[in-house]
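These features come from TrEMBL:
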- B:12-31: transmembrane segment (TRANSMEM)
- B:51-73: transmembrane segment (TRANSMEM)
- B:85-102: transmembrane segment (TRANSMEM)
- B:108-129: transmembrane segment (TRANSMEM)
- B:138-156: transmembrane segment (TRANSMEM)
- B:188-207: transmembrane segment (TRANSMEM)
- B:235-256: transmembrane segment (TRANSMEM)
- B:315-333: transmembrane segment (TRANSMEM)
């Protein structure tokens, strides 16, 4: 291919823990296009990009830039060759200003010192050149997520990037911010930049990309002109089957309240309010969703419900089945029938080096039927583990395989299997499908709905608007530690409308949000 | 995954072979008769019943401390306090061995149990400091080693010392306190049986009971254990109690099994060796038996070499240093593992 700006041939990558992330992948990039890489999580998109950016070296395969074979030893090599990357989790120093972050590692000097004026001038010049408005003197920690992303893009551009790799750039953005990002990307394209856009959101891929490379299971499924394929075709290639984005939810009567939060206030050690006047309830057979931009008190709310509130200053009450849980420890709360799917499956949700079976029994190994005299009941545990692995379709070599060797989606299935199989009366699900492929996400959604049919009360906290609108019976929106909106028919709410509440532009009155307590 | 599964075992074997080869190279440079010297080093420890006995005698305390350290490492506690506890429990046992008068069955039992319990209680202190205030267990346990040694030496000098003996040693133990020998012609004592039983119990505890499960999960990911509802602070204190008990018992058994007076005027070093044994055993209780025997074997080999040839026994430090260095070097042989992984991935 004569006009290929960048080409990857026969890329195979095996990680030291045995995970095969890429298998014989071909990829080629034309100058001046926006090229999407779509695929479920664990399909190998991120790995391929890390190889392109010199962060990982491939086990096998070659990389060509303008027809010349290159070996990238480090991100610096990639930057020198005009490749820039915007990571999913921003690589910025929060306590530095925008200008300081921009010139990090290439600081302009004045004698032996750092030339602040020049850094600001450079930042402003670059921002003007690319028409990306930022405040060079603002501290990064004070910026919104969308702004931080702009800084990341500028950071790559100021280093001379002609090829920009964006890893799931819209995952943390509101619909409004996403639109703005797309306008900026179009502009960059017109100025001659080439953009690689990693995503598993098909609408966005269709909206902005010229070509699309689809990945599945570490292999490339082919390259397509975006306008020639439909969303259905793309998703079929990604998952290997048709995807239904709607769920059939039976209407079931909601029973007694299981979780009742009454005028909960929590503040941090400096006295800054993290949660104020939070009141709501979750009833049997009801899924209550909480939407909101990350960092608006959801984390603290969940901590309060799962035993993290001991010794924290605050007022109000949190009751599960009528029992106050504020001073209970995690074990006592779990014994009340509370299950919890944590946001971070690596840090909290699993023990990486331990086997799948060991991970599955961590909340029930104390139970009488799991023990025989002083010993754990080995055969019973093995049977339980095999049954759960089968029921939850965990792809693995067996229950004795270390969980750390599984892909993200399968690991999450193990976590969900553990939490859903103990007959919970209250399930707290925090980002249950983050970073999980569509197939696994659908499976997890089905399980949540099954529990709902079994009269389990569910509190669902998620940044995935599609998920939360589709699954919830009632929906709360959180902004700066407060409940700013309540909807009793979430499926009738549009993502744009929700976005206005999430950004704090709109808010409902007290009477409206107060309905979260009795759902009438 | 099958060949990759054996990677750790193969790696350990490769480390030991490399260490031995380096030892042989050094011996070749130093010795006038290198072949003969290497022969002594490798063969002498196994040549007679008495020498085999020496190896096993030395392996007994190594198994005790190796087991104690393995359990701590399993809980992800880098605690090296077995050294001081081993010493101090020996002192406690000495007091009872001198001053109690009981029959020959009860006397060692009481003396050893007392040493073990004191060991457990002392070990709990760094454990509590870690569990409650997150004080680094490596620092506290190392400082404890010094404290315990100081106090132990004070007791030996001012309260236990036999002025009639011509060295800084304690009064003689009562005959009833000493452990009996198992085999004539060797000094292998009943402590061997005690430690083997203890190792099997520890294996069952670690892999078959709910407390062992809590210990392992806390070690792999404390945050996960906490989230699951385990009381990880309790687990950490528990593993310290158990490890202190085992290390203390090791010191007590060693004193009553091998000596008739207490005579350590410096730390005997078994606690630190326990860390090496645990590393070689990959923190598996049953593997502690093999790795303790191996370490004892090369130690005795070095002693024999020093006695019968022109190479000093300090030689052994080189081997140990190389082993520790390579085992803890995670990248060692990684390229080979990566190549195996690639091959297996292609076959799959």
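Even glycines carry a Cβ here, placed using N, Cα and C.
The transmembrane segment (B:188-207) shares the most Cβ pairs under 8 Å with B:51-73, out of the stretches B:12-31, B:51-73, B:108-129, B:235-256. Within the chain carrying the transmembrane segment (B:85-102), a Cβ under 8 angstroms from the stretch's Cβ atoms is held by residues 61, 64-65, 108, 110-112, 114-116, 118-119, 122-123, 148-149, 151-152, 155-156, 160, 170-174, 176-178, 244, 247-252, 254-256, 262, 264, 267-268, 270-271, all 6 or more beyond its ends. Most Cβ pairs under 8 A with the transmembrane segment (B:108-129) among the ranges B:12-31, B:51-73, B:138-156, B:235-256 are made by B:235-256. Tertiary neighbourhood of the transmembrane segment (B:315-333): same-chain residues 7, 11-12, 14-16, 18-20, 22-23, 26-27, 30, 276, 279-280, 298-299, 301-302, 305-306, selected by CB-CB distance under 8 Å and a gap of 6+ residues from either end. Two recorded stretches are said to be in contact when at least 3 C-beta pairs lie under 8 angstroms, sequence spacing 6 or more; the transmembrane segment (B:235-256) and the transmembrane segment (B:12-31) fall short of this definition. Proximity of distant same-chain residues to the transmembrane segment (B:51-73), defined by a Cβ-Cβ separation under 8 Å and at least 6 residues beyond the stretch ends, is recorded for 44-45, 79-80, 82-83, 86, 183, 185-189, 191-192, 195-196, 198-199, 202, 206, 215, 219, 239-240, 242-244, 246-247, 249-251, 253-254, 257-258, 268, 270-271, 273-275, 277-279, 281, 283-285, 288-289, 291-293, 295-297, 299-300, 303-304.
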